[in-house]
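In what follows, a single structure is set out as structure tokens and then discussed.
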Amino acid sequence: MKSPKMKAEKRKKDPNAPKRAQSAYMLWLNEMRPKLTKPGMSVVDVSRAAGVEWATVKDKSRWEKMAAEEKKRYEKEMAAYKAGGSSGSPKKAGKAKAK
């Protein structure tokens, strides 16, 4: 008999932490989603169509440049965030000992 697996606790995100940088694909997808979406398409269908379309894009340099700028922004904001006294990961609340 298998022993039940315990679910790992999900780390809580710090709401003050900077948002992660978007990839070139995500920047492209945000711009192209209205053109790719058709009435009645599910999110999965849109994602599949976008993946096929992204694979055929010849010149991705525009979005790759934007992604590089996003990454620099994120790294700069993250450095400022960490320098502000936050450790970057929220502390878990410990159990109180009974006296």
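Along the chain as shown, residues are numbered 1 onward.
Including glycine, each Cβ sits where the backbone N, Cα and C put it.
Those TrEMBL annotations? Automatic predictions, nothing curated.
Note that the coordinates shown come from a computational prediction; the quantities given were computed from them, not determined experimentally.
Quick look at what TrEMBL lists:
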DNA_BIND  18-82  DNA-binding region
COMPBIAS  1-10  compositional bias 'Basic residues'
COMPBIAS  80-91  compositional bias 'Low complexity'
DOMAIN    18-82  domain 'HMG box'
REGION    1-22  region 'Disordered'
REGION    80-99  region 'Disordered'
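Mean pLDDT of the predicted structure over the domain 'HMG box' (18-82): 95. Mapped onto DSSP classes, the region 'Disordered' (1-22) shows 0 helix, 0 strand, 22 coil.
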